[in-house]
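Reading through the structure tokens given below for one structure.
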Amino acid sequence: MKKRTLQDLSEEQDQINSSYIEINSVQKELYLENQKRLKEKQKEKEQIVVIEDDEIKQQIEENEVQLSFPIGTFCLNCLTQYPTDEKQPHHLPFINILYENAYIDVKTQKPKKTLESALMTCFGFEDELLEPIVKSGVQLFIVYNNDNQNKKLEVIEKYNNYPNWMVIKPSKLSSSIYGGAFHPKIWILKFPKFIRIVIGSQNLHVGDWTIWSQAMWIQDFKLGKSELDQTSQEFKTMLREFLYEILPTSHKFEDLLKIKYDDYDFKDVNIRLITSIPGRFVGNQLYKYGMMRLQSVLYQELCNNKMEIPKQVCVTYQTTSIGQLDNNYIDFALQCCTGRVYKQPLTGEQNNKKVNQMIINQQEEEQSKLKLIYPTADYIENQTHGGVDFANPLHFKKQLYENPKFPKHLFYKYQGSDHYYWHTGNIPHLKVMIITGLDEDINDYTSIYIGSHNFSQGAWGKMEKNATQLYIANTELGVLYPPKKNSAQLKQQIIEQLSFKFPPLKYEKDDVPWIVEAYYEKLYKEHQQQNK
């Protein structure tokens with residue numbers, strides 16, 4: 001064999017390198033870089049490595065998804081009465097929530113549609129609002145109130161012959177006897193790299209996004225995993241349990257949306273879920289739902305933040321439907337809203353023995369207060385943009401109001417917020433509870449609830465069997481901004497963003513609540529008089 005010189009070996013190596021470079025252009029760059037590094041100092045070599053790391057980091061950042069709601073955000077819908085040039089960032093049109101960038105100008109910028117699937121629960125919907133979503137190719141699943149004659153049977157069917165539109169009407173086996181409603185409003189929107197969760201008061205009629213004021217909490221959760229704090233972990237667990245509860249066992253939400261729930265990072269949750277499920281609850285489940293869940297969360301947060309449990313509170317509840325109320329139920333709700341453990345009121349002889357002491361206590365200190373914000377008849381008839389024809393979200397029976405035992409002194413006016421002129425004359429469908437001290441000051445102790453719960457026993461539940469059992473008729477869902485240190489600024493911001501005035505003004509002497517029966521009775525009488 002011919003002996004090869006160093007020159008020959010060098011030439012052969014060059015040939016090998018040359019072939020390798022031709023095969024893979026990426027390796028070519030590495031090869032040239034290596035040759036260059038051989039002639040440089042070790043320091044320069046390290047600098048090159050740093051540059052490469054920076055380039056990789058830059059590529060990762062470029063691929064990183066930009067979330068519109070990385071932290072839970074309070075929002076209102078965008079009513080048609082709001083001028084375009086006066087729209088606030090937290091006023092979101094329906095269509096915007098369906099885009100990755102929820103704050104983009106959809107009309108002028110025409111962003112790419114990346115929404116893949118959506119699950120939306122509601123009390124009712126209209127084709128006109130939802131058909132554009134379906135026609136764009138989104139897999140849409142609507143879960144809503146079972147209005148069939150046999151409410152015990154669940155209904156699952158394709159809608160209007162669309163292959164990508166399914167409606168699900170859950171069985172009302174637990175609540176049909178008592179007339180309970182399927183009333184939660186939650187959306188889970190699946191985008192390529194994250195899911196968006198929307199919880200609030202919003203149904204899916206055109207009016208829900210043009211005329212009736214709605215409140216929502218929205219947060220995006222991207223793919224990934226991190227160590228969750230206790231609040232975030234509880235949210236993740238409770239939300240999954242709630243979705244399992246409301247959907248038929250044959251149709252799990254993960255399968256419908258084609259997601260792996262545990263693949264999403266549920267970090268930075270800033271609220272506590274408040275759910276209601278039809279049924280009777282005792283023992284460990286007593287504090288899991290409804291008003292007792294609210295009491296439990298308030299107690300936990302006050303203790304965790306080393307804050308004193310208040311003796312009295314002012315509960316301002318803006319509601320669009322009012323159920324049967326009496327003093328016992330009001331006392332129950334107020335006591336739960338302090339965070340204190342609920343105690344069954346005394347009855348009979350026990351009560352008589354302590355009447356005098358109770359009177360003394362009431363004289364010594366102010367008692368907790370409840371203020372119900374509900375539109376007056378004059379407001380709906382004469383001050384709103386929509387007028388009586390669009391007042392159908394408001395439900396209050398004349399029979400309840402005319403009952404001598406009904407606490408009429410609780411009523412306060414629904415009026416547009418002073419912080420934004422264009423709220424004037426809006427018709428409410430949002431449901432908001434604000435828990436403060438008696439001075440109604442917004443501070444760290446303040447709690448704010450938004451969601452689907454109206455102020456009714458069906459929604460929040462009532463105690464039975466000497467306060468050992470909670471009965472709930474409805475399915476409901478909402479979120480609570482609880483008492484927490486350093487939370488006053490966020491809560492003040494939410495208060496200023498609300499579509500109604502807070503603190504509210506009390507009903508005047510001649511004010512009566514809007515009751516549709518009373519309105520049409522009045523029209524009938526006026527018609528009769530005109531024809532005499």
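The backbone N, Cα and C atoms fix where each Cβ goes, and this holds for glycine too.
TrEMBL: automatically predicted annotations, no manual curation.
Record features, source TrEMBL:
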type     : residues       : note
ACT_SITE : His183         : active site, nucleophile
BINDING  : Lys185, Lys431 : substrate binding site
ACT_SITE : His429         : active site, proton donor/acceptor
SITE     : Ser456         : site 'Interaction with DNA'
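Here the features listed in TrEMBL are painted onto the structure.
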residue : record                             : Cβ within 10 Å
His183  : active site, nucleophile           : 25
Lys185  : substrate binding site             : 25
His429  : active site, proton donor/acceptor : 24
Lys431  : substrate binding site             : 26
Ser456  : site 'Interaction with DNA'        : 21
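The residue listed as 'active site, proton donor/acceptor' is 13 Å away from the residue listed as 'active site, nucleophile' when you measure Cα to Cα. On the backbone, the CA of Lys431 (substrate binding site) and the CA of Ser456 (site 'Interaction with DNA') stand 12 Å apart. Lys185 (substrate binding site) sits 12 Å from His429 (active site, proton donor/acceptor), taking the Cα positions as reference.
Here the C-alpha separation of the residue listed as 'active site, proton donor/acceptor' and Ser456 (site 'Interaction with DNA') works out to 15 Å.
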